[in-house]
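Worksheet: the structure to be examined is printed underneath.
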Amino acid sequence: MSKTISLPKQRIAKKHGPNDLSPTANLLVNVFFWIYTAACIMPLVLVIIVSFSDEKGVLIHGYNFIPEGWSLEAYKFMFKDWHQILRSFGISVFLATVGTAISLVMMSLYAYPISRSDFPHKSFFSFFMFFTMLFNGGLVPWYLVYTQMLDLKNTLAALMLPLLVSAFFVLLLRTFFANSIPMPLIEAAKIDGAGEIRIFSQIIIPLSLPVLASVGLFQVLNYWNDWFLSLVFISGSKNINLQFMMYKTMLDIQFLTSNVQASQGLAQAGGILQLPTETVRMAMAVLGIGPIVFAYPFFQKYFKKGLTVGAVKG
């Protein structure tokens, strides 16, 4: 009967690559990023806490993570005219979504042709785009074009059109199209009978999701944070966006609090001088950044999807 001889198992040492970290270094890196993350989150948490704090406690003790008292006066003051709040919020959401979608389409349609070496007018349109980054007609002619020539005053189009196309983002898209889209892929699609529109919609766009998501996020921020266009083009309160509505609210509060003697009679009747100035300011910050904070994870999902779809097998 044959005997089975078992040999002692040899432990194979794990080889560490040049980018591998030791356990101690890995721990230090994790601690550093935890501290960095906390430093980024703590100001946001402080803003939220102060917005729910009592105004007197904030004025006496300053900003604290543990307030002297809790209060909803700031949000009650903000939502006194809740119809205007909802309308302005809806306008901001409309501009951030529809405006960003149209903007991505227009800038992509401009950037893709000038990224192609076989486009005959590439130099002219590239120079035309770059020229607008260096020179502009000035504020007064710009205002006259939108109000007198295009007659867009007091319309939502006046809040959307000025931000539709950015020369910097067009340059960014053109660079991505030129360096990341293989030209043999386009030529193979042409051999298979695909036209330019089909190539752009079914090949270029799916492969460009990472850069489109990045540009789209910046455009959403531009539309959401803009208040200057409402100040210039909107004269009433019907078509103002959320940022400009909050800006007007802060101006009204500052006017009332800085003219104590002039408004003393009104203060005795309605308590105007007891306005929650500091907490209202923080409540406005919460209302302003809240939707963007919740929208960012959706863009992050598209970043990952775009990286997967955009992978080209070598």
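Even glycines carry a Cβ here, placed using N, Cα and C.
With a cut-off of 8 Å between Cβ atoms, the residues of this chain six or more beyond the transmembrane segment (31-52) that come close are 58, 63-65, 67, 70-72, 74-75, 278-279, 282-283, 285-286, 289, 293. Per TrEMBL, the feature transmembrane segment maps to 31-52 (among others).
Taken from TrEMBL, the feature transmembrane segment applies to 89-112 (among others).
Among the features that TrEMBL reports, domain 'ABC transmembrane type-1' is placed at 89-285.
Annotation comment: TrEMBL describes 124-144 (among others) as transmembrane segment. Away from its own ends, the transmembrane segment (124-144) comes close to residues 110, 113-114, 162, 167-168, 170-171, 174, 232 of its chain (Cβ-Cβ under 8 Å, at least six residues beyond either end).
Summarising the annotation, TrEMBL assigns transmembrane segment to 156-178 (among others). Cβ atoms under 8 Å from those of the transmembrane segment (156-178) belong to residues 91, 94-95, 98-99, 102-103, 106-108, 110-112, 114-116, 126, 129-130, 132-133, 142, 146, 150, 204, 208, 211-212, 214-215, 218-219, 222-223, 226, 229-230, 233-234, 239, 241 of the same chain, restricted to positions at least 6 beyond its ends.
Per TrEMBL, transmembrane segment is recorded for 199-221 (among others).
The transmembrane segment annotation in TrEMBL covers 280-299 (among others).
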